[in-house]
Ligand code: HEM
């Protein structure tokens with residue numbers, strides 16, 4: 001991975017440091033580290049830089065924010081609330097918004113950064129998922145990522161509740177509802193969290209400690225671990241010319257990547273500052289102070305909580321009364337939507353790399369990522385998960401949708417209840433077909449070349465369009481396709497021809513595994529015409545580079 | 001104890017009770033009739049007799065097809081006896097009546113060309129003459145400048161936002177009905193909406209919310225909707241839904257474009 005002579009700006013300081021503490025070679029090595037330069041590798045950085053901005057703006061907010069639910073009468077400069085009794089937390093958030101110089105900008109930047117932080121994580125995770133970059137040896141980093149996402153949701157929820165306004169109070173109320181509906185421990189947990197009967201006097205200060213101390217601390221530690229692992233394991237890279245599982249092609253950290261990363265930080269900062277300046281977010285003064293007796297139409301949480309809200313709205317009222325009510329009530333209408341979708345999505349994310357490994361039996365290291373079309377089942381599973389999540393998210397805003405498009409609110413719920421089952425299934429089928437179609441197109445280009453737009457007239461009078469070979473870079477990208485592995489012996493009942501299925505495949509679980517492996521893996525559309533696609537091909541995984549381009553036309 | 005029981009058994013006791021009951025009923029009756037007479041008098045005084053006559057003509061022309069020739073109601077529309085001048089003023093000035101096409105609810109629209117202050121007053125006078133009901137409030141009663149915004153805000157949050165949203169952005173109700181945004185309603189219409197309770201909206205009569213409190217709420221609604229957004233573009237003021245859309249459509253898209261742009265220039269391997 002050494003890339004030419006070490007430039008002077010690195011050599012100088014690292015010699016200086018080397019002579020004092022003997023760490024120069026470490027610097028030398030690491031500053032020349034190579035980063036791939038495909039745009040999708042920058043997505044994670046949106047989250048990273050947003051986090052830095054969250055730390056900075058959040059610290060500013062802590063200077064002025066009072067995490068107390070003590071009562072006070074507002075006497076600040078916002079007219080429409082003068083003389084209204086409210087909590088200190090709310091009053092101090094108003095104070096930040098109206099009477100602290102730059103306070104509103106900081107609050108708004110903090111909130112926009114929070115949205116971009118979670119959104120950035122999501123697009124980053126999707127990139128990793130669809131390209132299979134979570135495969136060995138990066139499963140651990142994937143798990144850290146899932147944990148980060150979960151914690152970010154929690155961090156957002158606690159931060160959102162801090163200003164103690166009427167809108168965030170609605171979210172707090174739901175949190176309480178979920179906590180109290182947990183069987184056996186529910187009451188205990190709620191009393192612990194709220195310091196007594198809801199809303200109590202304690203929850204804001206408890207959320208405050210969680211929001212500015214505990215969760216950011218864990219986030220910071222996990223992000224550091226994430227970065228270190230990424231550094232040690234190096235980036236994956238898109239398939240292409242000269243890119244193998246043994247190298248990384250791209251720009252060295254210093255100076256090229258550092259310049260790019262620095263520029264990208266500035267971009268993120270700029271976008272957040274622009275949004276914070278020109279787009280109003282969470283106008284708490286319009287919502288009024290929290291009062292458990294009031295609730296507004298159109299109460300929604302921040303977008304990253306939207307899927308939980310949607311699940312809650314979708315769920316029919318279903319309760320189980322144990323022993324005719326004397327044994328307590330299991331409010332399934334709260335428990336299921338609060339726990340099941342979150343469980344499906346987060347557990348599914350966490351387990352996917354291991355499930356895939358189990359199904360494909362693929363335990364090799366992967367540093368070159370897949371193009372999404374080349375692993376159609378994975379891509380389809382991802383798309384149906386997105387559909388599931390997206391539908392819930394959309395339905396969390398069903399009242400806004402009903403009001404905006406003048407449709408019946410009830411019907412959005414009825415249709416949603418059907419779509420939530422049918423949608424993911426349709427997404428699966430459509431994505432699968434699309435992937436195969438794209439693979440076929442690739443095979444076609446490899447086989448016949450691309451249309452050049454040049455029409456030639458043959459001596460016989462016939463017109464033909466001249467096909468030319470694709471650009472070498474594109475061809476290399478296409479030729480990198482490898483079949484998804486299948487566990488040994490899964491594609492026939494009797495691999496050794498001795499009439500006995502191999503050992504692992506005799507149990508029902510083994511049979512299921514073999515079946516899934518066969519469906520999931522294998523070559524769906526062979527890349528080249530006339531190229532035998534038998535089982536030998538599977539053994540020859542990774543030898544694609546040696547084939548000479550065989551353009552027959 | 002014993003003495004009371006004894007008196008109850010006195011032969012004159014039943015006459016005394018009867019007398020008391022009669023006095024009570026009579027007093028109540030005079031009170032009630034006086035009140036409704038007063039109303040009718042007021043209607044005739046404020047609307048003048050010709051207004052009622054003119055109003056009846058207008059009514060027969062534009063409204064009777066649904067509400068019946070004597071406003072007694074038909075299958076197409078409810079009776080208007082007793083809804084009061086305020087209801088007519090609200091419904092007609094906001095363009096809801098005459099209703100155009102049947103639907104879950106009559107929406108606000110551009111009023112018909114013949115609608116103006118005079119015709120509304122005449123229609124209102126006619127309907128008022130039929131059976132009384134809440135009268136059109138006076139200018140001072142609805143003047144936002146005389147209300148207390150902050151108090152109004154508290155009342156508004158306690159009584160109205162579950163349907164109309166914190167900032168009066170409106171919201172969906174069941175079965176295709178909706179509480180409309182409060183961006184267009186005039187001060188007087190806001191007052192009238194409260195005292196007449198159009199369609200799915202409850203009536204907030206003066207014993208629930210006093211006239212002074214109504215004026216406070218008008219001050220709040222009008223004050224907040226005219227207030228600039230200190231934080232930049234208001235994004236429809238509907239809260240996190242549009243904020244989330246902006247975060248994705250503006251924020252994430254811009255950053256992805258930036259990423260593509262930054263990585264577009266590749267170092268050529270030598
Ligand atoms: C790391 C991810 C973080 C996320 C997702 C996040 C999210 C949020 C959100 C959504 C709010 C509500 C903002 C509003 O009022 O509009 C908030 C408020 C707040 N956050 Fe954070 N935050 C994060 C980190 C931090 C950190 C590191 C600090 C402090 C060092 C902090 C301090 C605060 C304070 C003091 C408030 C309340 C101030 C106010 O709303 O006026 N946050 N946070």
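Numbers here mean position along the shown chain, with the first residue as 1.
Any Cβ shown, glycine's included, is placed from N, Cα and C.
Fair warning: this is a prediction, and the values are worked out from it, not measured in the lab.
Here is what TrEMBL records for this protein:
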- B:63, B:66, B:67: heme c 1 binding site (BINDING)
- B:160, B:163, B:164: heme c 2 binding site (BINDING)
- B:50-131: domain 'Cytochrome c' (DOMAIN)
- B:147-225: domain 'Cytochrome c' (DOMAIN)
- B:12-32: transmembrane segment (TRANSMEM)
- B:245-264: transmembrane segment (TRANSMEM)
Non-site residues, in chain order, whose CB comes within 8 A of the mean position of the CB atoms of B:63, B:66, B:67 at heme c 1: B:59, B:62, B:64, B:65, B:68, B:71, B:74, B:76, B:77, B:80, B:97, B:98
Around the Cβ of residue B:163 (heme c 2 binding site), the count of other Cβ atoms that are within 10 Å: 19
Cα distance (Å, whole number) from residue B:163 (heme c 2 binding site) to residue B:67 (heme c 1 binding site): 28
For residue B:67 (heme c 1 binding site), the number of other Cβ atoms found within 10 Å of its own Cβ: 24
Cβ-based isolation winner (fewest other Cβ atoms within 10 Å) among the binding-site residues B:63, B:66, B:160: B:66
Residue B:163 (heme c 2 binding site) to residue B:66 (heme c 1 binding site) - Cα separation in whole Å: 28
Confidence summary (mean pLDDT) of the domain 'Cytochrome c' (B:147-225): 89
Residue B:164 (heme c 2 binding site) CB neighbourhood, other CB atoms within 10 A: 24
Candidates from B:63, B:66, B:67 close to chain A, where binding-site residues are judged by Cβ under 8 Å: none
Secondary structure tally of the domain 'Cytochrome c' (B:50-131) (DSSP, helix then strand then coil): 42 helix, 0 strand, 40 coil
Cα-to-Cα gap, residue B:66 (heme c 1 binding site) vs residue B:160 (heme c 2 binding site), nearest whole Å: 30
Cα-to-Cα gap, residue B:164 (heme c 2 binding site) vs residue B:63 (heme c 1 binding site), nearest whole Å: 29
Rounded distance in angstrom between the Cα atoms of residue B:63 (heme c 1 binding site) and residue B:160 (heme c 2 binding site): 30
